[in-house]
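The transmembrane segment annotation in TrEMBL covers 12-28, 67-93, 105-127, 148-172, 184-202, 231-253, 259-277.
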Amino acid sequence: MPFLSATMFETIFYLVFAAQIALVSLYYPKQIGARILHVFDHYPPADYPKLYAGAGPEGIDRGRRQIALYLGVNRAIAVLGLIVLVSLIASGYEFGPKGGAELFVGGYFMVQALPYIYLAVAEFAQYKALRRAFHTVRRSADLTRRRLFDYIAPGYVVAAVVSYVVWVVFQIGGRPVSEWREDVYLAVPLITAMNVAYIFMIRHFISGRRLNPLAGPTDQFIQTEMQVKTLVLSSIFCSVFLTLMIAAGRYGFEFMDPIVTSLFLQLCMVFSVGMTLKSVNPKEVDFEVYRGNS
């Protein structure tokens, strides 16, 4: 390790990994759970029946149980992470100079992501129920913004394109075609396909059928804005992360891969979940559209 002692590196890694455990499995789940329970408490089915379309009379009780399960699973995953962290420290685990522990970091993050996937599936199911129940509701064309730069500043889009091009140059540059290996033939098509998929998803979010047919213009704009920003920032972070991984391998900093990987994953959470929590405040959402007489 060129500029860090083994002890210093291990200390930094353990602190960063502990932050990943706390942020992804404790802090954000608590924030999400509190917001959903706030909606249940202040906007009950009796007054806002449209909000619970398709949920049935037991919908809100079932929703509370699901949130309790969501929080419980996240706590269990956090405990698992702490057990692993303590085990690594107690066993004196030695990190290799070529990295490798980033696979463990990424694998644990995939486990952390499972409750979020569960919540996302439940959210989309609720939107589907709303569309089924209120499919005759139409958006007002004069209130709908259909241009990309209505939702995100041009600089972010430019940054996404530039970071992608820089990654491709790093990926294939400096060696003839005859020396290209799987890292080129697999990575370049996959990441390119991901970005193309993002483009079509953004187009759908802006011009396609909206998820929530009852949402007012302001709420709909905020939701679409968050979706667009999340995808564009995801593209930027992915390209930057992959470029850093290549640079680390070429210039002898592979030992930093576990730390960089964990920081990258946390950054993704901050600019997706964190940004959404900051931008969408339940107290500012127009819930009047969900009243029975609206």
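Even glycines carry a Cβ here, placed using N, Cα and C.
Note that the structure is predicted; figures quoted are calculated from it, not measured.
Contact counts against the transmembrane segment (231-253), taken as Cβ pairs under 8 Å, peak for 148-172 among the stretches 12-28, 105-127, 148-172, 259-277. Between the transmembrane segment (259-277) and the stretches 12-28, 105-127, 148-172, 184-202, the greatest number of Cβ pairs separated by less than 8 Å involves 12-28.
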